[in-house]
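Inspection log for the structure reproduced underneath, given as C-alpha cells.
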Amino acid sequence: MAEKRNIFLVGPMGAGKSTIGRHLAQMLHLEFHDSDQEIEQRTGADIAWVFDVEGEEGFRRREAQVIADLSEKQGIVLATGGGSVQSKDIRNHLSARGIVVYLETTIDKQVARTQRDKRRPLLQVDDPREVLENLAEIRNPLYEEIADVIVKTDDQSAKIVANQIIEQLGF
C-alpha cells in the first residue's frame with residue numbers, strides 16, 4: 001500500500017465496527033480511531049451522558065465535528081457511529097476522504113450483540129428490536145449509498161472479517 005489511504009467503517013450498532021476496526025488497523029499498520037471514543041475523550045463523559053445532557057442533536061453535532069477532524073488525517077481506520085451516515089455532510093466527508101466499508105449485519109445479530117450493553121442510549125427502551133428495525137429502515141440505504149465495499153459480519157470472527165476487507169480492497 002504505497003499511499004496511506006483512510007478506511008472508514010460504517011454500519012449499524014452491533015455490526016462490529018470497533019472490534020473489526022482494531023484488527024484491520026493492526027493488520028495494515030494504520031492508526032485506529034473510534035468516533036464514539038473520541039467524543040468521550042473530548043467531553044470527558046460517556047456517550048449516554050452526552051445524550052442525556054445535550055440530546056441526540058447535540059451528540060450528532062459533536063459526532064460531525066469529530067468525524068470531520070479525524071477524516072482529515074491520512075492512514076487511519078475509523079469506526080464511525082451507526083447514526084453518523086444520517087448527516088449528508090458526514091457522508092460526503094467519508095466518501096471524499098477514504099474507502100467506505102459497510103459492515104452489514106442482521107437485526108437478530110444486533111439484538112444478540114447489544115442486549116446487555118447499557119452504553120447505547122437509543123436502545124434503553126422496552127423494545128430495542130423495534131428501534132433497531134426502524135433505524136435499519138432509515139440507515140441501511142445510506143450505508144449502501146456510500147459504501148465502496150460491503151462485508152457481512154454475521155457468524156464470523158472480527159479477524160476473519162478484517163481479512164475479507166483486506167482481500168476485497170486488494171491490500
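Here the Cβ of each residue, glycine as well, is placed from N, Cα and C on the backbone.
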Additional site residue, GLY14, GLY16, GLY82 [criterion: listed by Swiss-Prot with ASP36, ARG60, ARG139 for substrate]
GLY82
Which three-state DSSP class does ASP36 (substrate binding site) fall into?
helix
Taking the recorded substrate site as ASP36, ARG60, GLY82, ARG139, identify the other residues of that chain whose CB atom sits within 8 Å of the mean position of the site's CB atoms, giving them in sequence order.
MET13, GLU63, THR80, GLY81, GLY83, SER84, VAL85, GLN86
